[in-house]
Amino acid sequence: MSVSASAENLSTDAQSCDGGSMCLELALEGERLCKAGDCKAGVAFFQAAIQAGTDDLRTLSAIYSQMGNAYFYLGEYHKAVQYHRHDLTLARTMNDKLGEAKASGNLGNTLKVIGKFNEAIQCCLRHLEISRSLGDRNSEGRALYNLANVYHAQGKHLGKVGQNDPGHFPQEVRECLLQAVNYYEQNLVLMRELNDRLAIGRACGNLGNTYYLLGEFNVAVQYHTERLEMAKECKDKAAERRAHSNLGNSHIFLGQFENAADHYKQTLAIAEELKDEAVVAQACYSLGNTYTLLREYRIAEEYHARHLEAARKLQDRVGEGRACWSLGNAHAALGNHEKALYYAIEHYTISKEICDVLGMATAQMNINDLRKVLGLPPLAEAAAAQPAPQDQAGSSQTPFNALRVRRQSMEQLSLIQLTPDGKKDPEDAQKKAVLMRSESEDSPMESFLDLLSKYQSERMDEQRATLVETKEIQETPKPTEKPKPSSSKLFRSSSSGSKQYDSNEALLDMITDLQSERMDSQRAELRPIKKKLSKEMKGTSLPGLRTARVAGAKPEDDFLDMIARVQGTRLDDQRTEMPRPKADPRPKTVPDDDFFALIMRAQSGRMEDQRAAIPKPAENRQSKPAPKPRK
């Protein structure tokens, strides 16, 4: 929930400043473009306004706030943080409490998105404190809502670390979620007093989501039901669709699969009405899994087929893999083993394409099971009968032998040829190699270790360093002269009988002599501090601030000194970080991973019921009596 100051209310004051009218006109045009949805063009006008400059702090504060919000909507969060900090600094400078509250709220929202939750909490608490001191109940409601959102996001972020079910998170995650519940409930009470229906609906929806994560699914259903009523009252179709989806998820955990299917059907109908193809695919996926839990595999197969069609249309390869896996299970349960094998192979192909190792393992297990049912040899035996294609190193390209691949080329390599003796006398080396292979037949490991120890020991002397003193320094010094320190040089020895120093002092002197010449090159040079640096920083501490129009030199210096002092402690926070990888613009046709995990967990107890039995030989089947027909 971002709040920005408008530049329209600043026209009278800004027009009185020489040159400020150009800055104001550019800012107003940028604000108009942002309201029209063209934030990128709006940012360009705001930057031009800053280049034009102004000495009116309220105008500059409004520009900073608008630029921060524009960068937020463009997804450039670190730039948004930078301009919201500028806005907060100016608000504190002007002692504008309401402006400080708004800037703190905007900054807290942005810090939450980039994962700096502790800083975001401090900003939101400051927003709440100022709002309560001013008696502004609307601003207080926004502060409570923002603070709850930060705690909720922090709890979800910490909960992603492990594979935890809703209601079984670690204590630190539960504490964050309970704090979120506390502030959401305070916000809900305040919004009921103000009779803000939209805000009441938002609070109920967020409370339902938080109680869902805490494992209190009955309470979650109550809040989501109220959220659904508010969405219908306000005729908000998107919110109505989200409420139905959340209700379906909660009913799944309560084991009420029929109710869940009804809500998912409502979700599908609204998504089709809104022409949201990605949500349509997600609803079909959820319905297919729900009917699988109900063991109505024919209906499940229909919904999974619709999901596969939508995923192919939207080019969602992850969704295609999930759909093929689900279709394979549905056809196996229906007894269509040929179709099940086809979809299992498709699942394996897609998983290999997207580098999903777990998906490849699951698909290959299904393929082997289905081949046994169809009387075909297992995949491993088929691969042995017809070798799989190999790479240049000669290893098969499957995900399983990739985990336990062996270097076949190293097993065929004669280690004796790598030794100095092997290079000097090839015939003798060949004899030793033959001897090595004959010994390795009896005890491969012992012969290999003996061979390694033998030829490595002969190289030890080659790697030793010999201390050789230079002749110039070996001359006897005169009695009147001080003896010069012995200068030693390090040479590589090629023989094993080289002379070595036995004295530790001589070795230490040699090391000191060699290293002392490099000390100065590694020292850091202290450059003198320029006296004009502080004066240069005064003009560049805040972009767009013009100081030439301020009457009187001393107030100008005091103000800029204060700005530089406040900003000086925030330099690290304003540094540019590496940009995050952009998310895949293609829509997702699969719900969140936590929902997929809950379906997997719910089905895990029924895996044995869904497995196809291997048909027995004909003689065994003839000996058994035919089963009685069901009444």
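Cβ atoms here come from the backbone N, Cα and C positions, even for glycine.
Features as listed in TrEMBL:
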{"type": "COMPBIAS", "residues": "421-431", "note": "compositional bias 'Basic and acidic residues'"}
{"type": "COMPBIAS", "residues": "469-484", "note": "compositional bias 'Basic and acidic residues'"}
{"type": "COMPBIAS", "residues": "485-499", "note": "compositional bias 'Low complexity'"}
{"type": "COMPBIAS", "residues": "518-538", "note": "compositional bias 'Basic and acidic residues'"}
{"type": "COMPBIAS", "residues": "570-591", "note": "compositional bias 'Basic and acidic residues'"}
{"type": "REGION", "residues": "416-446", "note": "region 'Disordered'"}
{"type": "REGION", "residues": "469-504", "note": "region 'Disordered'"}
{"type": "REGION", "residues": "518-550", "note": "region 'Disordered'"}
{"type": "REGION", "residues": "567-631", "note": "region 'Disordered'"}
{"type": "REPEAT", "residues": "61-94", "note": "repeat 'TPR'"}
{"type": "REPEAT", "residues": "241-274", "note": "repeat 'TPR'"}
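Long-range contacts of the repeat 'TPR' (241-274) within the same chain, counting only residues at least 6 positions beyond its ends with a Cβ under 8 Å from a Cβ of the stretch, are 166, 205, 208-209, 212, 217-218, 220-221, 224-225, 227-228, 231, 280, 282-284, 286-287, 290-291, 293-294, 595, 598-599, 602. Counting residue by residue with DSSP, the repeat 'TPR' (241-274) contains 31 helix, 0 strand, 3 coil. Summed and averaged per residue, pLDDT over the repeat 'TPR' (61-94) gives 94. For the repeat 'TPR' (61-94), the DSSP counts in helix, strand and coil order read 30 helix, 0 strand, 4 coil.
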